[in-house]
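A.B. asks: Below is one structure. I have some questions about it.
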């Protein structure tokens, strides 16, 4: 869906479209592997199956499926063409909507001091999957999926482009604004708490507070992931809306590359946290320990 929008238009040559197709396949593959790794960790490590990481799992699953349908490429005309276009749209929308549920959970826990976030799981699913489905259905009105290079693309003039902006980029930037505002409040409150800890507690407590603040400050980068992934795509869509017959290749290149890497960025920022690293290290240490014990027992048997 993203890459197809970037290559739509008559001003790009066949060679340029092939380059964009390669960029999309490579970047989407990295996102697929990154998000798939987080999904695998969640399924393998029982200690990670807490509510907070469960939301990360749903985010990674959406990213993985979004990347998969982006990689599919050239599904031929007809039903498979439509399935590729709609599936990619559905799961990409679901991806950035899951980030808002993570931001909501963090805000409710840290700022409002509520412990009832697990009760919102059913509502989160209804919100994410329901909104994604609604945006995908609305996108289908008056649109005709056509085969373009390695993707399927909805092309119906200004109306189709307006619907694309309405059903994807409007909720996207709504999510970006919500996440930015939420994380700003969380970080501001934690900054205040840290300053109080430094002023009132002894040096050991102050050091712990600063260490915690450094760990929590990375949340400020979460909204930047969506901005970095979709800023070029947004500019490209707006430019295409007003200049449909004049594609800018370098802008399309950045559009495809950055958007296709969203799953990889999310998997690194949200998924590779201290809990995941600890679980992996524990499994590696256990595996190495078993190997050492096995070798030792083998040598003991040989001596006997």
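Note that Cβ sites are derived from N, Cα and C of the backbone, with glycine treated the same way.
Any TrEMBL annotation is an automated prediction that lacks curation.
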A.B. asks: If you look at how TrEMBL annotates this chain, which of 85-106, 195-216 comes out as transmembrane segment?
C.D. replies: 85-106
A.B. asks: Answer with yes or no whether the transmembrane segment (248-270) touches the transmembrane segment (26-45) by the criterion of at least three Cβ pairs under 8 A, sequence separation 6 or more.
C.D. replies: yes
A.B. asks: Six or more residues beyond either end and a Cβ under 8 Å away: which residues meet both conditions relative to the transmembrane segment (126-142)?
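C.D. replies: The answer is 58, 86, 89-91, 93-94, 97-98, 101, 154, 156, 159-160, 163-164, 166-168, 171.
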A.B. asks: Going through 85-106, 162-186, 219-236, 248-270 one by one, which has the most CB pairs that fall under 8 Å from the transmembrane segment (55-73)?
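C.D. replies: Looking only at 85-106, 162-186, 219-236, 248-270, the most contacts with the transmembrane segment (55-73) come from 85-106.
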A.B. asks: Can you say which of 85-106, 219-236, 248-270 has the most Cβ pairs under 8 Å with the transmembrane segment (162-186)?
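C.D. replies: Most Cβ pairs under 8 Å with the transmembrane segment (162-186) come from 85-106.
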A.B. asks: Are there residues at least six beyond either end of the transmembrane segment (85-106) with Cβ under 8 Å to its Cβ atoms? List them, or say none.
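C.D. replies: Cβ under 8 Å, 6 or more out: 1-2, 4, 51-52, 55-56, 58-59, 62-63, 65-66, 69-70, 117, 120, 124, 127-129, 131-133, 135-136, 139-140, 145, 151-154, 167-168, 171-172, 175-176, 178-179, 182-183, 186, 219, 222, 225-226, 262-263, 266, 270.
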